[in-house]
Amino acid sequence: MFNNDKDDNNQGNENNENNKINIKTSIDMGNYINSSSLVESFGSGSNRNNDKSEDVEYDDDDDDDDDEIASTEEEKESDLDSDSDLAPTQIIVDDSDDFYNNNNGGGGGGGNEDISSTSPTLITSNSFNDKINQIFSRGGSSLNSSFLNNGENKINFKQLVKLKSTLKKHEIPSRELTVEKEIGQGFFGKVYKARWRGKSVALKKITLIKFRDLTETEIFDKEVSIMSKLCHPTCVMFIGACSLDGPSNDRSIIMEYMEGGSLRRLLDEKSSYHLPPSLQLSIARDIAEGMNYLHTNFKEGPIVHRDLTSSNILLNSSYTVAKINDFGLSKEMKPGPTEMTAAMGSLAWMAPECFKAENYTEKVDVYSFAIILWEIVTCRDPYNGMEPLRLAFLASVEDYRLPLNGFPPYWVELISKCWNITPSLRPSFKEILQILNQIESDPLFLNLNLNCSSNNTSSGSTSTSSGSSSSSDNNLTKSSESNNNLRESNINNQIKSNKNSSKNGYYAQDINDYSLSMQVETKNCIYNNVSDNVNNNNNNNNNNNNDNDFFKSSFTKKSFLSNNNYNNNNNNINNKNNNTNNLNDNLIIKSLNHISEQNSFLVSYQDSNIVKYFSLDNESLTSTLQMEQSVVCMKYQIINEKVFLVVAMSNNNISLFELKKTDFSGSANSPTTLLPIKVIKCDEQRHTIKDITWNGTHVITSSFKDSSIQIWDLEKSLYPISKMDNGGVGILSIDSQSHQPLMISGDSDGKVKLWDIRNSHCFRTLTHSPPSSSSGGSIGVDSVLFRSPHAVRDPIILTGSSKDCKFKVWNMYSSTCLNSFQSHNKDLLGIHRNQSSQQMITWSSEGTISLFNSGNNINNQNNQNNNNDCGNDNDSVEFSKVLNVNSMMSNEPLQSAQIISKNRIIFSSKNKFYSIIA
């Protein structure tokens, strides 16, 4: 659909060259859906907002109209396939913007800024300085808000209101509109500059066919219904709507045109300098006034913006008026019980309660306002050198906040209140306006503003006498000159405890503390021959301590419910033979499912409705459960200390069971018929279930047949609440995290996708196995797992392919492949992890099991709040050993395996299963 424009004059690329995988546009990964926004364009060389993502190659893999937002470029060999990482809000070059011309030098440098300086320096553009001088000459040392309201903005506002009043039902005939050019592009559509009755207007055309079960018409009507109610000088005015002529009959919204573009554009363009204190205060006040209007002016209840970002704040040509724009995601809170849990907005500005899909109120806008204040003071983007999804996790889980070192105390106090982790403790916008009035009379603010005014006047006169801007530039202090020393002194002290945080959270010490510029080289571990040495082991092999040997195979084995007796004292075998009549020899084991909380596991069988319960405490079968149909796949969850099992049946039903202790008190020889709590009938003709996962809130099913993922709410609905189309690509495996909205899928084309199930959106794609002519096409990803299903701080995901036998370890924050292992020779049937032991295994039908250890202890990470960077980008996985168990199984194929405790593995072959201690 569109590509990023390259910035030929981009400065500071040295710092970002190695950080190509970071996506830092206004929405980035997660899409956490952003509506279209009127983002004004730059002149040549000023596309700063997209510089951070312009090096990423976008590959068009998703055919679903709801999710596809990036165009296809020439595919390169890379572990990262960021086809869905492109932000919905993109900046389109507008060469006719008279203010941003070549005199600006393509934007300020990309160096680091010294925000601790007591004398903020002005931005350098002579045109901007001249406009500020005019304002200073009228308002003295501070911007006079009454002048702003009574000036050009008020006149233009009244003119538009008068024109608007002549319309009937907001309808504007398309013949009255002259579309001049495209100036922006967003998630819901495109924005154009147009002329209407002699006035410049912005025309927003809705092009998205469907979004979250809303049709194009419903999307259009929703935004119009909100915008048509608004009439305030600090909200972009809705003028009318029209249907454009043409076969598509597209509907468009006509809005007020703001010549100055977005606040984000201004801050990106002048990122090496400070805005004047008075301008900071003026912009903050305008935003607060507009938001106070939205939250308090309507009898029906507040209008929650839900996407308040610097890209959605538009400025007039002199930057003296800021207006709130883009109400595509806004929601009216009607009287009566109101519940909002859908994640909306852009990651850096998203309140923690919104990201975690908790109930939230209008206070999410106050949190977003705090982030905008931080941007205004620093002229920096709020991702702070971090990958967006990682930033969102840190803010919501660890109470991470952006650095406030060097900020004036009045801003520190206000920002800290606005982004408080507890929404009820955040001030209202009415209270914020009172605080802003107090700041205007603060002695420190007056002093800073006076110094800034003096510097500006001096630089202006110098510029006039010299006929160039070089003299005024010499009076300015670039942020990069002093911030380097600050960063060097803080390199070993990156995190600062926040004593005011109710969760013992922390602030970043410096703007660049969390740079993800380091690339981790993928290493490959390949072995060629695995000898069978279970029964043929000798003491020499057991005593081999050569650390360079890749293959280590000494272990103790136990045979559970097996007809085979092993008597080999050299291998320290502990025989335990149970009654083999407990198993039906005609049943072939399909899968083992370890229930760590009960120290037991469930055994399912191929083409059978029998599930057997095995207790590890007494190492015996205790019960046989009989289902209504044969089991396809199953997953369990612990909810309120109760064990629940969700099972996909061969008749395509989804059944929910509670596994009570009484269910396991019977005999293994007499099956107990287990009645489901709830049964959901799935459409077998279309969505034939191949895999199932359960995050404790939603059951998620995947189908290879219709290439889709369906989300089910077991409590509220008998029908899927959402469907995610995978664009015709078969889905082989899925996994999710407990009580988190993230899930991953492994596809038949060798791709791994990360999904946000709240928005039914694929926000990132990784390439596990690129297409290969030698392999006869794509290599599917048969196994995907989160390494820590319950620890949201762990960014590691695990992927495996049966065809190429590769086991890969990824950091989902940075989309970096940390490790790649050639773990088997024949095939790779699955991956299993044990969070308590921090170990994982892969297994192959050839009779080999590969054991791996985590590089760091995730449990220790979860207990450290103030002195550890959660995420641990280098938290890789280490290979331990390969175990060959062919002789134990009499050379029968290995079918399933689980690691149940430290170095203890259970596995199955035909109708038997075994235990070994590696």
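Each Cβ is built from the backbone N, Cα and C atoms, and glycine gets one as well.
Sequence annotations record features per position, and here Swiss-Prot assigns region 'Disordered' to 1-122, 457-504. What Swiss-Prot records for 10-24, 35-46 is compositional bias 'Low complexity'. Residues or ranges marked as compositional bias 'Acidic residues' in Swiss-Prot: 56-84. According to Swiss-Prot, the domain 'Protein kinase' annotation covers 177-445. Feature annotation from Swiss-Prot assigns ATP binding site to Ile183, Gly184, Gln185, Gly186, Phe187, Phe188, Gly189, Lys190, Val191, Lys204; the stated evidence is sequence analysis. The active site, proton acceptor annotation in Swiss-Prot covers Asp307 and is backed by sequence analysis. Residues or ranges marked as repeat 'WD 1' by Swiss-Prot: 626-667. Marked as repeat 'WD 2' by Swiss-Prot: 684-722. What Swiss-Prot lists as repeat 'WD 3' is 724-765. As annotated by Swiss-Prot, repeat 'WD 4' applies to 776-820. Here Swiss-Prot flags 823-862 as repeat 'WD 5'.
The separation of Asp307 (active site, proton acceptor) from Gln185 (ATP binding site), Cα to Cα, is 16 Å. Val191 (ATP binding site) has a Cβ environment of 27 other Cβ atoms inside 10 Å. Minimal Cβ crowding within 10 Å, among the recorded positions Gln185, Asp307, is found at Gln185. By the Cβ criterion (under 8 Å, sequence separation of 6 or more), the repeat 'WD 2' (684-722) is not in contact with the repeat 'WD 4' (776-820), since fewer than 3 such pairs are found.
Here the CA atom of Val191 (ATP binding site) lies 17 Å from the CA atom of the residue listed as 'active site, proton acceptor'. Sequence-distant contacts of the repeat 'WD 1' (626-667), counting only residues of its own chain at least 6 positions beyond either end whose CB sits under 8 Å from a CB of the stretch, comprise 590-591, 593, 595, 597-598, 600, 602, 604-605, 607-611, 613, 615, 673-684, 687-694, 696, 699, 701, 712, 714, 738.
Cβ contacts within 10 Å of Ile183 (ATP binding site), excluding its own Cβ and spanning all protein chains shown: 24. Under the three-state DSSP scheme, Asp307 (active site, proton acceptor) falls in the coil class. Under DSSP, the residues of the repeat 'WD 2' (684-722) split into helix, strand and coil as follows: 0 helix, 17 strand, 22 coil.
In the shown protein chains, 25 other C-beta atoms lie within 10 A of the C-beta of Gly189 (ATP binding site). For the repeat 'WD 1' (626-667), the model's pLDDT averages out at 83.
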